[in-house]
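What TrEMBL says about this one:
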- 83-101: transmembrane segment (TRANSMEM)
- 113-132: transmembrane segment (TRANSMEM)
- 167-187: transmembrane segment (TRANSMEM)
- 194-212: transmembrane segment (TRANSMEM)
- 242-261: transmembrane segment (TRANSMEM)
- 273-296: transmembrane segment (TRANSMEM)
- 405-428: transmembrane segment (TRANSMEM)
- 435-455: transmembrane segment (TRANSMEM)
- 467-494: transmembrane segment (TRANSMEM)
- 526-697: domain 'STAS' (DOMAIN)
- 701-730: region 'Disordered' (REGION)
- 712-730: compositional bias 'Basic and acidic residues' (COMPBIAS)
Amino acid sequence: MPPPVLTHFPRSIDILLQLTQKLVHFSAIMEYIDSAKNALRTDFTWNRVGHLAARGARAFPQASVEYVLDKFPIIGWLPRYNYRWIINDIIAGLTIGLMLIPQGLSYAKIATIPVQYGLMSSWAPSAIYAFMGTTKDLSTGPTSLISLLTAEIIEALHGEEWSPVEIASAVAMMMGIYGMAIGFLKLGFLLEFISLPVLSGFISAVAITIILNQMDSLLGEPNVGDGTATQIRDIFQQLPQANGYACAIGFTGILLLTVLDQAGKRWGEKNRIIWFLSITRAFIALVIFTGVGYAVNHSRGASENYLFDVAKVQADGQEPPKVPSAALLSKVASRSIAVFVGSAVEHTAIARAFAVRNSYVTDQSQELTYFGVTNVFNSFFHAMGVGGAMSRTAVNSACNVKSPLSGFVTTAVVLVSIFKLVGTLYWIPKATLAAIIITAVWPLMSSPRVFYGYWKTSLADFISSMIAFWVSLFVSTELGIASAVGFNIVYVLLRQVFATVRSLPDPQSSTSSELPLPLSVPHGDIPSHVNLPPDVHVFAFTDSLFFPNAYHAKHAIIDTVKTLHVPIFNGSCGLEQERQWSVTGEKRIAKLRRQAGITGDTHLPPIGLLVLDFGRTNHVDVTACTHMKAMVKEVRMYGGASVEVRFANMSEYVRQRFERAGWTLVDGWPAGSDGGSQDGNKVTRVFDSLVDAVVAPRQLSTRLGTSGSEKSSGKSVKEGREKVSMREQV
């Protein structure tokens, strides 16, 4: 037997080897940990994530409070409400309520649901908008666009176990869910992927489809089929079977509505009675022809004996709330996307347009939040989807409405009609509803001149508008807008794939090489010895300008101008709390100035000259040209009509696009000119370089004296310019 020491010796060696291996593994692990720590300390991305997380954690409490308050703008503007405005708001609310009664009934008819549900869809939106809206003018409720797209979904699900009203409510809920998701997360920029030409073609096709759908009621023709081609054929084939009484009611209604509309446009500003008759023309037609329907039909017994068809409105007040079924929601979820996109773009576009017209600021994300909340709420009350309506918004603005409080009056008017007037509305002729619908949607169609403008400006924009128009008209609106957006996305990708590369110097060009230009004072960036006057602002676009980024670029310019320059005090601009109900724009500019380190506006200069550098812009489209026009208009509303706008470093291709879009571009001031011409608002001058654009003589009315604002611009402006320099690179 070997000694015990020799017996345990191999085992000890094994243990030592195992310990050594573990130490080696531990050492490798420690080296890995040290390497990871070093990577975390030196890695740029991780450091940036940590910095952003820390900054977010510090800002979270205050930002959370501001976020919640922003969802209820009434908290900001109600304490500043001027009670002298109450008369204007009551008149506007009554007027919109009287418009909503016939329009709600008519748009429910388009949606192929019982017409009384149009009224049930109309009472809540105005009241909710008073709490959550960011414009004073916007009127929300049923619209022709939403009604038609809802009708298509109802037709697609025809024959299943759900009623048309249940399907319409489910569509409204899905619209609301999409709206809340985009609004609460501030993703409103996603809607900018719908270019203006696509929207024009889509809405024009929708308007034609709506008119065709009403022809059977207008003419009293039976058995008109579905689909554009079938409807056109059946309408003409069945003209001999048309109901003469229905034709008389319908065409007389169109004549009455048109005469009152044109009278209001011609004499409304001079005569308030004519103006009121014009804006309430739909309600007047409803009252007159409902009386006719009752007079000639109530003694004829059964409805089969009526001289013409009537609406047969039947309801016993507002029905109790009900949640749409989950199975139905899953059925309509994908189909509701087109309804949401079309109505949300329409809603936000109307809000922006009237905010610019009446000199206040709207919040697109908050409008989408309201859009979502309202449609979800409405869906519980057997209602169809709702959104902003152009015709009612225009009337609301014409009534000189002062705040969204008018919505409470509108809600009261609609509720009275639901509970007290439904029996009377039974006798509305269907031909009268058709006449109201046709005259309401006719202005939505873009004229051929608009499409010809797209043709002149950009072939791609024209093609996208035609795809949206023809596919929506003859196939489906859902596929029409999807195919047009798809075409735009493919076109943008192909432009990037087949990007043009030029050699320098270009043998085809008569100009010298562009390589030395940055070193040349007359053609390069602004040299340090050139003093930029405080009333001059230069913006450089860093990429192509087209439909996805044009709206953002426009607002980046406007925000910077309002941050670093004071407005002209002419009654339409100035301190917002002194002139308008809205505080949205005031809060936004105050926040931007805090971020820029500007503590007050007493030392800020006005804006006199705006220079846009297109040196890195190789492509623009119709949407970009349109947004730039809107930007110039807003800047001049803020800074005064004398603000001069100049372009610099513009390629021939980009210049031609602007000119074909309706811009009048001329080369910079002639040699020896003193800038005395006053045509700055009619033409836009184009210069070869930023230096030329900045130092060239200006119009006499836009020159800033050195004794005033130039001396008072001060340190705050200089620091502010440094902090917003990143914003200036649009």
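Each residue, glycine too, has its Cβ placed from N, Cα and C.
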Task: For the transmembrane segment (435-455), name the stretch out of 83-101, 113-132, 194-212, 242-261, 405-428 with the most CB-CB pairs under 8 Å.
output: 194-212
- line: Long-range Cβ contacts under 8 Å made by the transmembrane segment (273-296), restricted to residues 6 or more beyond its ends, are 95, 98-99, 101-103, 105, 249, 253, 256-257, 260-261, 263-265, 267, 307-308, 310, 395, 398-399, 424-425, 427-429, 431-432, 435-436, 440
Of 113-132, 194-212, 242-261, 405-428, 467-494, whichever stretch has the most CB pairs under 8 A to the transmembrane segment (83-101): 405-428
Field: Segment proximity, the transmembrane segment (194-212) to the transmembrane segment (405-428), 3 or more C-beta pairs under 8 Å
entry: no
Field: seg_contact(the transmembrane segment (467-494), the transmembrane segment (194-212)) with at least 3 CB pairs under 8 angstroms, min sep 6
entry: yes
